[in-house]
Every structure is written in structure tokens, then in C-alpha cells.
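Here is what TrEMBL says about this protein:
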DOMAIN    20-153  domain 'Malic enzyme N-terminal'
ACT_SITE  41  active site, proton donor
ACT_SITE  96  active site, proton acceptor
BINDING   138, 139, 164  divalent metal cation binding site
DOMAIN    165-398  domain 'Malic enzyme NAD-binding'
BINDING   330  (S)-malate binding site
């Protein structure tokens, strides 16, 4: 019976089972003989402990803290799977740690916690913070994800980043900047419809505002309808839905009512991070957008509207969250470089200007000769992408007075390239020597 069940397993399940997960811990020091144990562990390690006890800042140079990031989740909103708990969320956190290392040279440690309250998650993060140079919050349901980030962001003393909010917003802004270049429209003049107002689009809205977009340019909608100051159902829960009520208060001054169709009518841009399609957004609604419409349909696993249908309906270009369509809005373009840059200058936090600098670096990474309706974002596998983001983010931290280490932009870029190349070379060497088994040839 067990053999029969395993014969019916999907390819991803078979690979996860074959490798027993996706990450492992390896030494970064030589162990030529057993004599080194006396240096790296007892009694020699006591010297490092005493040095840190005397000068706590020495922890950054005497341990791996400066290159370590906790990937922390309670498993309450995992991908499109919902509240599946910390154990079931662990494969995602391992995947995040894998990408941090391979794309950013950062050592990620999955931490799935068995607490689901804001206070519990915040307490868990603060308790482990002394071991890490940064914390990547992941797959935490809203609205508690807003509270957790707000509680940790400015007073933890290390970079704290919620990728579902800030990473998504950063990549979306980068893609939008280039999309607007293609259609020759100004970010500060276009009308923008936000479809879905969860963690992703709330952060998109906040980053757009930081970029100078005015509230009057935006109409947002949730599952009930368009947001505006007359939404009594949200106002009545303003203490709980603080971020959503702020959007109600700042946007759609004309109180356009209705649903997605009303929000899209005459809009230049649709940024959709809502429920999976394919019929969440209908083609006829796209047809009533402005000319040269830009559509980001980023629900996973199925976009809110099929990209081909959106193009046929009149969209000039379409982006999705999937790798099998052009213009993938992929957070892995952001978080490895963001953490690389923040760690390398030992930033105290990751601010909105740092995220905006990262978005600008991403958009500028697409050369003019490559920019087109099917190419508004760079490829994830380009080693220089994370390095460019790292240099931009680290430089922004320095400009804001948030950095503890002063490095030039060139030094940040070159250092990031070295670390990323080393991480990739180590992985490839383990495969070539058989210490990591090659992928099976047959599915």
C-alpha cells in the first residue's frame, strides 16, 4: 500500500522526500585534524565568549551573526494554502532559506513558531534576535502581519522585513516603473486600481505613496466593493483594520461605488493581488480601462485573469506571479539583495527609502535594448541582480543614517558578487563531488 501511494506522488513530493528537505548546515572553517576542535570549541571558544562579554559588538565579527537571517513564520497564510500551521509551512521557509543563500549568499534559518498571536510572534522574534543579523517574516496572516512588522521594525536593532508586504511591493514598483516607460505614461498622472487589499496591495499602496503617488489617483477594492470614506463596515472596525481604513480615507474621494469593474473603469493601471482566477477579473472590464492599459494579475497559482485574455481585451502588457508567463513579479528578485545590502552595512532597519532604492535598482537592471512588453523585469538567475539591489539598499541605509558600517556603492556591489559567487560555487562543488546527489533524470 505504501509503495502504491508513493508511486502516485507528485514530482515535487518525490524530490523533497529524496533529499530530505532543501537545506543543511555546513562548517565555514577548516577541520584538517581533530586538533582544531580545541580552537573552534572548548577550550579555545571561551576566548571568543569572553571577548563578546566584554564588548557585545564583537559578536558581529567573531560569529556568523552578521550573515544570518531567521525566516520566521507561524504558517497562518502559506502561499495559496491558507492557515496550514507551522509544520506544513516549513517547506516554504526552507525554500526561502535556499534562495537567500543561492541568490544572496545569506545564511537563512527556517523558524516556524507554534504561536499565532501578535504578542506571541513578536515575543518569539525578539527572543531569537540576538542570534541573527536580520529577520524575514513570512506567510503571516493579515491584519496581524501589519502589527508584527510594526512592533519589530524599528526597535529590534536589526533589519526586519515582511516579504509578503515589502518584497511584493518592491518588485511590483520596479515592474510598474518599466511598464510606464514602455507606454510613455507618468506615475504621478496615471489612475491606478488596486484589486484586493491584503498584505501585498496594502504595502504596494504605501510604497506608491512614498514614491509620490497621490491618494486621488487610486481606487482600491476588496471582496465587498470599492474602498472610500463611506465604507461604514470598515470604519466600524478601524481599530482592527487600521491600514484598510487609512486607504479608505485617502483614496477615491469621489466615492466611486461598485466592485472591480467600477475600479477598473478608465484606469491606466490594474495591480491585482487578490483571489485566484481565472475569472476574478473579466475581459470586458479590461476593455473599459484606458488605452495602453497595464495589468498586473499576480494571484497564485492562477492569475485573476488569463494573460492572453487580458491582452486580447485591450491590455498593452500583462505581468503575473508565475514563471511560465512573461513578466513574472517574483519576490526572489528582491529579498536576497535586500538582506545582502542591509547585512553588509549592518543596517538597524529596512526603511521605505531603502525599498524604493531597491525597486529603482531592479527597474534599471533591465537595459533599454531588452525592455519590452514581455520583459519589464530582470531574470532572477542573473548573479548581478541581487548585487545591484544590495548596493542600492546598502547605500540608501548609509544616506539615512541607518548603517553601522560605511562602504561605497562599488564596495557593496563587489562584496555582494563575491559572496553570491562563493555560495553558488560551494553548492555546485557539492553536486560535482557527489555530496549532493544530482537530480534524477526521470520524472
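Cβ coordinates are placed from backbone N, Cα and C, and glycine is handled just like the others.
The divalent metal cation site is defined by 138, 139, 164, and by the 8 Å test on Cβ atoms against their centroid, the other residues of the chain that qualify are 73, 77, 78, 92, 137, 140, 145, 162, 163. Per DSSP, the domain 'Malic enzyme N-terminal' (20-153) is made up of 71 helix, 18 strand, 45 coil. Under a cutoff of 8 A between CB atoms, and with a sequence separation of 6+ in the same chain, the neighbours of residue 96 (active site, proton acceptor) are 71, 108, 110, 136, 138, 163, 335. The binding-site residues considered are 138, 139, 164; of these, 164 has the fewest other C-beta atoms within 10 angstroms of its C-beta.
Using a 10 Å Cβ-Cβ cutoff, the residue listed as 'active site, proton donor' registers 10 neighbours.
Among the binding-site residues listed (139, 164, 330), 139 has its Cα nearest to the Cα of residue 41 (active site, proton donor).
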